[in-house]
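Some features that TrEMBL has for this protein:
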| type | residues | note |
| --- | --- | --- |
| REGION | 1-24 | region 'Disordered' |
| TRANSMEM | 30-50 | transmembrane segment |
| BINDING | Gly38, Val41, Asn45, Asn282, Ser361 | Na(+) binding site |
| TRANSMEM | 62-87 | transmembrane segment |
| TRANSMEM | 107-137 | transmembrane segment |
| TRANSMEM | 167-190 | transmembrane segment |
| TRANSMEM | 197-215 | transmembrane segment |
| TRANSMEM | 284-302 | transmembrane segment |
| TRANSMEM | 348-370 | transmembrane segment |
| TRANSMEM | 382-400 | transmembrane segment |
| TRANSMEM | 412-432 | transmembrane segment |
| TRANSMEM | 452-475 | transmembrane segment |
| TRANSMEM | 495-522 | transmembrane segment |
Amino acid sequence: MTEVEYAGNRQHDTDDIEEPKPPQAFSSSAAIVFSCLGTVVGTGNIWRFPRIAAQNSASQGTLIFLVTWFVFLFLWSSPMLLIEYAIGRYFKKSPIQSFRKAMGDKFVWCGAWVTSVTFLISCYYSVVLGWCFYYVYKTIQLSATGELPQAEPESQEIFEAFAEKSYWPIMCHGLAILASGACVIGGITWIEKANMVLVPTLLLIIVGTYCWSVLNKYSDYGIKFLFTPDLEALQDPRLWVDSASQNAFDTGAAMGLIVPYATYMTRKHGVVRFSTLIPAMNNFVSMLCALTIFSTVFSTLIQTQSTLSRTGIVEIIKQSGPASTGLTFIWIPVLFAQVDILGKILCVLFFLCLSFAGVSSLIANFELTSLTLQDFGIPRKYGTPIVIIATFLIGLPSAMEIEILRNQDFVWGFALMLSGIMFQLLVIKYGVRKFQQEVVNDYGEKDWRLTIVTMIIIVVIAPLEAVGLLAWWALELIRSTADEAPGNRWYDYGVETFVTVITEWVALLLLLLFVNVLVYYLRPSWMREDTDESKYANGDGQFELKSSGAYSRPFEPGAVNSAYVNSNENLSDVKY
């Protein structure tokens, strides 16, 4: 067998070959599960999901939003995460380099879009994580020197005094970034150890808080409202777009966060299995958080303001805190205030674990950007400080002005739909059948099979979802805001207006296209790496890039050992 023939052979016969472990790899499947859960379980579940669910509640209930959100788990999030797991494990590169290897040098901008959107999300996500840090301190202070707030107005006053009238958000923003960045500097070993402690503790606290909240008097009213359908809500395009983008935000789908972690996976780690089970577990956590918040709000308001109607309660939920961002921070202290001394302890533990969740998620954001810089020759010890400084500076406006944070959440949360389209284009350009067989089914061992049904979702249904939902949302936003007050019309530059979203998207896209054209013609070293099949091809059809300082992984099983490549022995003489 010649070396070229061997390179072209995609059938893997590796039963008698023991796979070498990479120098840095996950130590166990449990480590992968907790690290990936740490990536996706965070403030998006506990802070953002109940808030988005409340804002999409109809007059009769929230069930329609929950159903559409659940459907998008299977028609959007899980398929997008499958692509991330697969290309990370197969190419062993950051999203930018993975897109380049799969689609060619002209499509680097696609991977850059995914990385940039996720980085911009992390810049304001760290601000919310800073809020969590502050509330750990504040609940300890209140518990030691006084009492937790007994009602919503008192709790809202505390939140607004912190978020709008102090410099605490800036300091906490910096502290959150430093805490997360420190874990990334040590690589996957530190990340794994941190998540093995943070994630299980967080899940225990979430389950405990949920059990306590649903046992409160009148909590069943909130649960009933959460699961009551209102079919009129189906006509609202914002609900559909929010359902899809929130599910993507919940699970980290199309954010590229799983790609770096998947580079530490071997072919024995089932990407189809992980991309199905971990998002489902994540969404289960989100549901527990929504049940906790809704049952708490209804229970508290019915007992303290008995004259309020259900509509009035829903409006209070929607408007909790400045820019509707304070739902969790306002109501959780009120919940635990009803439990005296034990409640004080549980409240501190809740915000401590919410901080843990945010750190584990921000770690993944930093790992993505650090790996990207490492792929371009910047060592981790230099790249991570660069990421830390950039995140702090770009996130500073969101820490100083809550309306800017609201704008960033609105703009880049929706942009995840476009990131999903990028991943779908990768599969189409690489080859649908080739991706299914070569990258997933033939490459993996003891995994679930990637079926043609899932491939149809990835290359047909998901793109139609993204384009259709974004077009419907844009048209409805233009129609519904045409007669609004100045600043809120679709053509005004407001916090959540159509022209604001489009301007920020187009500005980023033009910048990335310009850089892509520039590097395409300048041909920097990372674009001139030798990937000649006859020299670097391994038994899995992969190529290991050999440039100095580039991020590289050892050959997978079935690969031609580098000793043979560097020796004078002909590959055709090697016995397989």
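Using N, Cα and C of the backbone, Cβ positions are placed for all residues, glycine too.
Unlike curated records, TrEMBL annotations are generated automatically.
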**Item:** For Asn282 (Na(+) binding site), the number of other Cβ atoms found within 10 Å of its own Cβ
**Value:** 25
**Prompt:** Would the transmembrane segment (382-400) count as touching the transmembrane segment (412-432), if touching means at least three Cβ pairs under 8 Å and pairs must be 6 or more apart in sequence?
**Reply:** no
**Asked** For the transmembrane segment (412-432), which partner among 62-87, 107-137, 197-215, 348-370, 495-522 gives the most CB pairs under 8 Å?
**Response** 107-137
**Fill in**
Long-range Cβ list for Asn45 (Na(+) binding site), cut-off under 8 Å, min separation 6+ in sequence, same chain only, gives Asp250, Asn282, Val285, Ser286, Cys289, Ala357
**Asked** With the transmembrane segment (197-215) as the reference, which stretch in 284-302, 452-475, 495-522 has the largest tally of C-beta pairs below 8 Å?
**Response** 284-302
**Prompt:** So which of 62-87, 107-137, 284-302, 495-522 has the most C-beta pairs under 8 Å when paired with the transmembrane segment (452-475)?
**Reply:** 62-87
**Prompt:** For the transmembrane segment (495-522), what are the same-chain contacts with Cβ under 8 Å, counting residues 6+ beyond its ends?
**Reply:** 105-109, 112-113, 116-117, 323, 403, 406-407, 410-411, 414-415, 418, 474, 477-478, 481, 488-489
**Message:** Six or more residues beyond either end and a Cβ under 8 Å away: which residues meet both conditions relative to the transmembrane segment (107-137)?
**Reply:** 42-43, 47, 94-100, 162-163, 168-169, 171-177, 180, 254-257, 325, 329, 333, 348, 351-352, 354-355, 358-359, 361-362, 365-366, 368-369, 372, 390-392, 394-395, 398-399, 405, 408-409, 412-413, 415-416, 418-419, 422-423, 425-426, 429, 508-509, 512-513, 515-516, 519-520
